[in-house]
Amino acid sequence: MGQPGNRSVFLLAPNASHAPDQNVTLERDEAWVVGMGILMSLIVLAIVFGNVLVITAIAKFERLQTVTNYFITSLACADLVMGLAVVPFGACHILMKMWTFGNFWCEFWTSIDVLCVTASIETLCVIAVDRYLAITSPFKYQCLLTKNKARVVILMVWIVSGLTSFLPIQMHWYRASHKEAINCYAKETCCDFFTNQPYAIASSIVSFYLPLVVMVFVYSRVFQVAKRQLQKIDKSEGRFHAQNVSQVEQDGRSGLGQRRTSKFYLKEHKALKTLGIIMGTFTLCWLPFFIVNIVHVIKDNLIRKEIYILLNWLGYINSAFNPLIYCRSPDFRIAFQELLCLRRSSLKAYGNGCSSNSNDRTDYTGEQSGYHLGEEKDSELLCEDPPGTENFVNQQGTVPSDSIDSQGRNCSTNDSLL
């Protein structure tokens, strides 16, 4: 976001008025510029490098190309644009203590900033709905939300985000009418984001608060359903272990099927926790800024300018966090290690250890040529299927992975979660 439209002085730089000697002041300014320049450069590098790594991993490894990870790619693209087109110019604005790119780029830069934040929160909202459908309608999930439908949803998210960010700013609907704001709009070297009260409140609600409320509500429902599933799995396993040993010996597949059912759902719930961390981190990083964004137009000079800028940069830093959070996933972690040449090709299992059948499902062959003998398979069998109906213990609370919809299509829940 641009700098706030209030009358505070720029306080992130050292204050020269108290310096006893001009040379000392210049040295202090130079040291501050160098230190902040290095810090901001590291932030930009972390954002760009991390999100390029995420996008490359999903593009290269077919096992990661799931519906949910399509949305993760959209989120990474928003963070990447933030790191390439927003944060560097914000850093220059701070370090040079003035805007040097002209009025047009000032408004365009601000529009891109709003676009990235809006696209991120709306994508997180879509991910919450995606997981809600996967948890509550496992029979129909892949028929309800195919990869082509996911692409359409992503396109709609970016179109809506573009309209809500570029249109009001490029049409100047955001502009305030007081003298200081008018003078800033006319100066090529001023890029403080002076806004009128209706725009500040409406844009914050549409771009952040409304999607946030939807995301929190839907995801709370997802966790409630997931918690009930885990409780039913525990009860189911208890009943299974209480069965006669001879019955298990007569049908050895029942034990394998029960273990695979539990393992699949436990892995899915771990993925839900990872997505919850992503959403929680985004909220913690951006919520303070959007609170201040409304407060400062209601009560001018209540929020100091340096506080506004620091909270804005806290939001920027969030773009570097997501790739670190994805490392919770064994699939992503191994993909990152292979892309960085930190391990030998263990993801050969994506192609060599798996074979596709006529229903476009992936079957684990039992051999993963990418793993060396004795190496721990920390990917948790990257090609492992969800529990099949043939192995399924039909008890309350357990859900088979396959179903046939009304048109006769096979709807499998074989979707790698992060």
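Backbone N, Cα and C atoms are what each Cβ position is placed from, and that goes for glycine too.
Taken from Swiss-Prot, the feature topological domain 'Extracellular' covers 1-34 (among others), and the record attributes it to similarity to another entry.
Secondary structure of the topological domain 'Cytoplasmic' (59-71) per DSSP, as helix, strand and coil residue counts: 10 helix, 0 strand, 3 coil. The topological domain 'Cytoplasmic' annotation in Swiss-Prot covers 59-71 (among others) and is backed by similarity to another entry.
Residues or ranges marked as topological domain 'Extracellular' by Swiss-Prot: 96-106 (among others).
Counted within 10 Å of its Cβ, the other Cβ atoms near C191 (disulfide bond) come to 24, all protein chains included. According to Swiss-Prot, the feature disulfide bond maps to C106-C191 (among others).
In the topological domain 'Cytoplasmic' (130-150), the DSSP tally of helix, strand and coil residues is 15 helix, 0 strand, 6 coil. Look at Swiss-Prot and you will find 130-150 (among others) tagged as topological domain 'Cytoplasmic'.
Feature annotation from Swiss-Prot assigns phosphotyrosine to Y141; the stated evidence is similarity to another entry. For Y141 (phosphotyrosine), the number of other Cβ atoms no farther than 10 Å from its own Cβ, over all displayed protein chains, is 21.
Under the heading topological domain 'Extracellular', Swiss-Prot lists 175-196 (among others), citing similarity to another entry as support.
Look at C184 (disulfide bond): DSSP puts it in a helix. A simple way to gauge crowding: the CB of C184 (disulfide bond) has 22 other CB atoms within 10 angstroms, across all the protein chains here. According to Swiss-Prot, the disulfide bond annotation covers C184-C190 (among others), on the basis of sequence analysis.
Annotation source Swiss-Prot lists topological domain 'Cytoplasmic' at 221-274 (among others). The average pLDDT computed for the topological domain 'Cytoplasmic' (221-274) is 63.
For S246 (among others), the entry in Swiss-Prot reads phosphoserine, with the evidence type similarity to another entry.
Feature annotation from Swiss-Prot assigns phosphoserine to S262 (among others); the stated evidence is sequence analysis.
Annotation source Swiss-Prot lists topological domain 'Extracellular' at 299-305 (among others), citing similarity to another entry.
The topological domain 'Cytoplasmic' feature in Swiss-Prot is assigned to 330-418 (among others).
Under the heading phosphoserine, Swiss-Prot lists S345 (among others).
Marked as phosphoserine by Swiss-Prot on the basis of similarity to another entry: S346 (among others).
Positions annotated as phosphoserine by Swiss-Prot, on the basis of a curator's inference: S355 (among others).
When the recorded positions Y141, C184, C190 are screened for a C-alpha within 10 angstroms of the C-alpha of C106 (disulfide bond), the residues that qualify, in sequence order, are C190. DSSP places the residues of the topological domain 'Extracellular' (96-106) in helix, strand and coil in these numbers: 6 helix, 0 strand, 5 coil.
Highest Cβ count within 10 Å among the disulfide-bonded residues C106, C190: C106. Helix first, then strand, then coil: DSSP counts for the topological domain 'Extracellular' (299-305) stand at 1 helix, 0 strand, 6 coil. Geometry remark: Y141 (phosphotyrosine) versus C191 (disulfide bond), CA distance 47 Å.
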